[in-house]
Amino acid sequence: MAKNNLTRVTEFILMGFMDHPKLEIPLFLVFLSFYLVTLLGNVGMIMLIQVDVKLYTPMYFFLSHLSLLDACYTSVITPQILATLATGKTVISYGHCAAQFFLFTICAGTECFLLAVMAYDRYAAIRNPLLYTVAMNPRLCWSLVVGAYVCGVSGAILRTTCTFTLSFCKDNQINFFFCDLPPLLKLACSDTANIEIVIIFFGNFVILANASVILISYLLIIKTILKVKSSGGRAKTFSTCASHITAVALFFGALIFMYLQSGSGKSLEEDKVVSVFYTVVIPMLNPLIYSLRNKDVKDAFRKVARRLQVSLSM
């Protein structure tokens, strides 16, 4: 019996939707709709930025990478959810689970760093608009983006290595809809204390460090805006940050609830809802957030729409 208990698992069973079998078809349609809208919105945003010369600025350069991350983010998770809901197959191999966790962690970590970079970019634009493109030159922009990806990949390697060096024995049922850190730690049969300290400390550091950069950037932005004499000028200047503030509030709010809040006051169902929100809903909302109140993006979209209309009418 002891020997059986120590057998290493080769696959996991995702139990996230097992409690609601009657909702499988409606959930499939909802997740499929969200996924298609997310891909259309984010890929469309990337293409729009590439084809319109007016959007060749640091702000939209960073936004194109945010859209790329969001498209990848949801593509790591949602196809697995759709396959589970469509086929009823809840089994995921050990290697697939590790790969999903690794890719998901890369996207989440990189997005944290990128949102901090975008906050600094907004400060640079507001502090000295005339020298904005000089200060945020292409070399610096690429360095910041590459730095965000390197930090995201490095963090993912650390978290994945720590998590999957744990022993997973007889119990292989993950009460979640994808391979995320909290349910995997609960499932491990080896001592997780030391590894949890490393993972949680690093994760908290990444979230809090980037949140601090964003907070400092916006404090400096507010300080700069207060120097503007007209109230209309202050409102117009601050409105350029509204989309980014909304995206930051949604993303970091979900991460803080999920990973920084004490687990004693949370239920697993709450974790599932929040996970759906930041892995599926937020990537779908970001293109809308950045385009609805953005005149440049709306003008570029109208221009492309007119070109398509002309080409189709010929």
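Glycine residues also receive a Cβ, built from the backbone N, Cα and C atoms like all the rest.
What Swiss-Prot records for this protein:
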type	residues	note
DISULFID	Cys97-Cys189	disulfide bond
CARBOHYD	Asn5	N-linked glycosylation site
TOPO_DOM	1-25	topological domain 'Extracellular'
TOPO_DOM	47-54	topological domain 'Cytoplasmic'
TOPO_DOM	76-99	topological domain 'Extracellular'
TOPO_DOM	121-139	topological domain 'Cytoplasmic'
TOPO_DOM	161-197	topological domain 'Extracellular'
TOPO_DOM	218-237	topological domain 'Cytoplasmic'
TOPO_DOM	259-271	topological domain 'Extracellular'
TOPO_DOM	293-314	topological domain 'Cytoplasmic'
TRANSMEM	26-46	transmembrane segment
TRANSMEM	55-75	transmembrane segment
TRANSMEM	100-120	transmembrane segment
TRANSMEM	140-160	transmembrane segment
TRANSMEM	198-217	transmembrane segment
TRANSMEM	238-258	transmembrane segment
TRANSMEM	272-292	transmembrane segment
Can at least 3 Cβ pairs under 8 A be found between the transmembrane segment (238-258) and the transmembrane segment (100-120), with each pair 6 or more apart in sequence?
yes
Using the structure shown, find which entry in Cys97, Cys189 (the disulfide-bonded residues) has the sparsest Cβ neighbourhood within 10 Å.
Cys189
Tally the residues of the topological domain 'Extracellular' (161-197) by DSSP class, grouping H, G and I as helix, E and B as strand, and everything else as coil.
16 helix, 2 strand, 19 coil
Can you break down the topological domain 'Cytoplasmic' (121-139) into helix, strand and coil residue counts using DSSP?
16 helix, 0 strand, 3 coil
